[in-house]
Amino acid sequence: MPSRRRHSYTVGSPATTSSNYSNTTFTDRSFPTTPARTSTDTTTSIARRISGIFINCFTPPDSVSSNYIDNSKSSSDNNIRSRRSSTGSSSVQRSYGNANETEHTRFTFDEIYDATKNFSPSFRIGQGGFGTVYKVKLRDGKTFAVKRAKKSMHDDRQGADAEFMSEIQTLAQVTHLSLVKYYGFVVHNDEKILVVEYVANGTLRDHLDCKEGKTLDMATRLDIATDVAHAITYLHMYTQPPIIHRDIKSSNILLTENYRAKVADFGFARLAPDTDSGATHVSTQVKGTAGYLDPEYLTTYQLTEKSDVYSFGVLLVELLTGRRPIELSRGQKERITIRWAIKKFTSGDTISVLDPKLEQNSANNLALEKVLEMAFQCLAPHRRSRPSMKKCSEILWGIRKDYRELLNTSL
């Protein structure tokens, strides 16, 4: 029988909506980095109460029919104009082997246009806030994913250009096994296209919905969680300056044929402040996806690496329950997944939140409790109470090790 040990946690109130906008994406207007009041990060236990208030953090305009809302008014970026190409192509470096075996090539708009047969829906593999993603096989036989920016975004050209260049600049400086690889970009008239690694097995959300026809077992889910944690840790600790992804969610996690995770979509990424400057956060209007947004960021406009930690906590709950962060089709008590999960957890009924597609056994039940415990620490309302992504990676590594050992002994 599973343990019915009672727990008590406080979690931050998620961004919710009162209408059908569960995938709504916020956009931002940037402000200069400003120092915050000094506060000492101490290791604290999660407060001994459950937050009873879940704030409706935004109300989408009635006139918006898309799931993505663009209110960006960023200042113009001279870099964008200087990087436009009259031929509609950009010179990039592509590596197909090891670091010493690189090929230099040039993407052109015509090549991509022909390969997708005028961006035919038959080549479409995804849709997001940035635009549409297509699978492309070019003349050299290599397969890529190309992200074509929405034309509607160009009504606010400065904001669209800034977001496009943000993703390019971020992708160009990161290299990690669990991050989608960047190959280049194309600008041709009003067309803006990113060329990135093609990851063959769809999104994590597709697999949790069983759209791919196979249920992810607990071992695979722990691998995915660990991969994502390592990728975010790399962004926070091993890039200079650190990078805040700002849109960690299941539809931005791609799976390889071996079910290893790759974090994608850096359109909302921001550079964290240089610690030498004395700044502790970036002041910026909100950008992200409803249900995953850090409530402290929502109320203070102060973005830090701990905002990614909060989103990661939501992702962990999603991995374990199989549910989306916001499920408007459910009753009021179950509509917000993290609120429902923590109530079950604190009442000692943890096993009831396990994805019904997973078997209830001793190994799965233990992993469920341990990962949920860490997830709720990530969901603490105040960033100082959340663990770092490095700490999350270490904890997940240990949970996965214990899970494998318990699974092997029970066979």
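Using the three backbone atoms N, Cα and C, a Cβ is placed for every residue, glycine included.
These come from Swiss-Prot:
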ACT_SITE  Asp247  active site, proton acceptor
BINDING   Ile125, Gly126, Gln127, Gly128, Gly129, Phe130, Gly131, Thr132, Val133, Lys147  ATP binding site
COMPBIAS  16-44  compositional bias 'Low complexity'
COMPBIAS  66-95  compositional bias 'Low complexity'
DOMAIN    119-398  domain 'Protein kinase'
MOD_RES   Thr108  phosphothreonine
MOD_RES   Ser251  phosphoserine
MOD_RES   Ser283  phosphoserine
MOD_RES   Thr284  phosphothreonine
MOD_RES   Thr289  phosphothreonine
MOD_RES   Tyr297  phosphotyrosine
REGION    1-44  region 'Disordered'
REGION    66-99  region 'Disordered'
REGION    134-159  region 'CaM-binding'
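Cβ neighbour count for Tyr297 (phosphotyrosine): 26 (other Cβ atoms within 10 Å of its Cβ, all protein chains included). There are 13 other CB atoms within 10 A of the CB of Gln127 (ATP binding site), with all protein chains counted.
Taking the C-alpha positions, the distance from Ser251 (phosphoserine) to Ile125 (ATP binding site) comes to 12 Å. Averaged over the domain 'Protein kinase' (119-398), the predicted model reaches a pLDDT of 90. A Cα-Cα distance of 19 Å separates Val133 (ATP binding site) from Thr289 (phosphothreonine). Counting other Cβ atoms within 10 Å of each Cβ, the lowest count among the modified residues Thr284, Thr289 belongs to Thr284. Same-chain residues at least 6 positions away in sequence with a Cβ under 8 Å from that of Ile125 (ATP binding site) are, in sequence order, Val133, Tyr134, Lys135, Ala145.
Under the DSSP three-state reduction, the residue listed as 'active site, proton acceptor' is assigned to coil, being neither helix nor strand.
Between Gly131 (ATP binding site) and Thr108 (phosphothreonine), the C-alpha separation comes to 19 Å.
Nearest in space to the residue listed as 'phosphotyrosine', taking C-alpha to C-alpha distance over the recorded positions Thr108, Gln127, Asp247, Thr284, Thr289, is Thr284. When the recorded positions Thr108, Gln127, Thr284, Thr289 are screened for a C-alpha within 10 angstroms of the C-alpha of Asp247 (active site, proton acceptor), the residues that qualify, in sequence order, are Thr289.
Other Cβ atoms within 10 Å of the Cβ of Gly131 (ATP binding site) number 23 in total over all chains. Here the C-alpha separation of Thr289 (phosphothreonine) and Gln127 (ATP binding site) works out to 14 Å.
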